[in-house]
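Here is what Swiss-Prot records for this protein:
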- Asp13: active site, proton acceptor (ACT_SITE)
- His41: active site, proton donor (ACT_SITE)
- 12-18, 40-42, Arg303, 329-331, 411-413: GTP binding site (BINDING)
- Asp13, Gly40: Mg(2+) binding site (BINDING)
- Asp13, Glu14, Gly15, Lys16, Asn38, Ala39, Gly40, His41, Thr128, Arg142, Gln223, Thr238, Arg301: IMP binding site (BINDING)
- Thr297, Val298, Thr299, Gly300, Arg301, Pro302, Arg303: substrate binding site (BINDING)
Amino acid sequence: MGTVVIVGTQWGDEGKGKITDFLSQGAKVVSRYQGGDNAGHTIHANGEVYKLRLVPSGVLYPHQLSVIGNGVVVNPKSLVGELARLAEQGVTGENLRISDRAHVILPYHIKLDKLQEAAKGADKIGTTNRGIGPAYMDKAARVGIRMADLLDKEIFEERLKANLKAKNEEFVKVYDSTPMNFDDIFEEYYQYGQQLKQYVCDTSIVLNDAIDKSEHVLFEGAQGIMLDIDQGTYPFVTSSNPAGGVTVGAGVGASKIDRVVGVAKAYTSRVGDGPFPTELLDKTGDFIRNAGHEFGTVTGRPRRIGWFDAVVVRHSRRVAGITDLCLNSIDVLTGLDKVKICVAYERDGERVENYPASLKFLSECKPVYEELPGWQEDITKAKTLDDLPENARRYVERITELLGVDLLTFSVGPDRDQTNVLENVWDKVSR
């Protein structure tokens, strides 16, 4: 076999898209397995900038299959638009496959998302208002509409009527809002389904057939483990499982996963509300934000910035079974006189080594930092660790020591040729 899962080890935006694009060069199939179009990533390739939300990055390469698995919630309108934009950049999308079991995001999910978030007031979670949570709620409540339903006009009509009746009652009675029109949604979204019909199939069969043929399959997680609904900073999380969702969300058995690659930035960022122990609210945070262009791909919101938190990434390593590390954006820290790594927390005079479940407990913790000298040299052309200035190399080595995991790649810029490989993950799965 030859299967690799890529997961973010922080709160998303770690550069997973770049690493997925890089590692996908050795893959036959690239698959998403959770999340929705709330998870944007940017890929720089062939002199073009591709901004993807739903489509796996393998779609850029005609010899690869790109799979949207059953664990993904699909906004048909968003997906049709994304494919149209890719077509304008010369990407046909003919190699895309969409699970017939994937659930569909409809306009009432988006409206409900906005109303629920507004009703929370100061307790808002920081959702992207794209209907992800309400779609997963319908899935769990067993009233969701799947891609297979969207393609069947009678079934879609029947289920949409039932769902919209319930949602409109909620809009009017709970939120004092206006109801939505059935005909408008039905006609528009049925047509989206027809446009996507050519891509829809049982993707579990596609993936397992590829694995059984010993083809290299790359699974691409969205968001980050600290946004996992079970393992993240609940309730300030997403509605799916970036950490361990690959087997259920792709329809492959756990025994078929070979390596799990964790992606981290050399610092930490977060979009939206929720705990962030190493957050920087000073000029250092502003420096890193601007140097790293830290603004959301989907929302455009400025990301919150903090020092690298080894407690967070160790937690991610454990719960996701991470075997290898890709460290990105080291170049962003160039120009700082000093850099810090959070190695533990401290609460009431006691050292805390593991990330707590209780947000109250976490709010009482303070980060324990190791301070290292920074570097001023331009590192964007470095190809090996030895090419890095001593202080930058010491910083990278200290992170890997604290995490206890092998470094697979390190990146010193946004372009593919600025990602440097220490060991090829596909060689590891072939051993």
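All positions are counted from 1 along the displayed chain.
Yeah, the Cβs are placed from backbone N, Cα and C, and that goes for glycine too.
Structure with Swiss-Prot features highlighted.
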residue : record           : DSSP (3 states)
Gly12   : GTP binding site : coil
Asn38   : IMP binding site : coil
Thr128  : IMP binding site : coil
Arg301  : IMP binding site : coil
Ile330  : GTP binding site : helix
Val412  : GTP binding site : coil
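Cβ-based neighbour count (10 Å, all protein chains) for Val412 (GTP binding site) stands at 24. Most buried of the binding-site residues Gly12, Gly15, Gly40, Gly300, Pro302, judged by other Cβ atoms within 10 Å, is Gly12.
Cβ neighbours within 10 Å of Arg301 (IMP binding site), excluding its own Cβ and spanning all shown chains: 13. Of the recorded positions Lys18, His41, Arg303, Lys18 has the largest number of other Cβ atoms within 10 Å of its own Cβ. Candidates Gly40, Gln223, Val412 (binding-site residues) were compared with the residue listed as 'active site, proton acceptor'; those inside 10 Å Cα-Cα are Gly40, Gln223. Put plainly, the binding-site residues Asn38, Thr42, Thr128 were compared by Cβ crowding within 10 Å, and the winner is Asn38. Here nothing among the binding-site residues Gly300, Arg301, Pro302, Arg303 falls inside 10 Å of the CA of His41 (active site, proton donor).
Within its own chain, Ile330 (GTP binding site) has Ala266, Ile379, Leu388, Ala392, Tyr395, Val396, Phe410, Ser411, Val412 as residues 6 or more apart in sequence whose C-beta sits under 8 angstroms from its own. Ranked by Cα separation from Gly15 (GTP binding site), the binding-site residues Asn38, Gly40, Gly300, Arg303 are led by Gly40. Comparing Asn38 (IMP binding site) with Lys18 (GTP binding site), their Cα atoms are 17 Å apart once rounded.
For Thr128 (IMP binding site), the nearest of the binding-site residues Gly12, Lys18, Gly300 in terms of C-alpha separation is Gly300.
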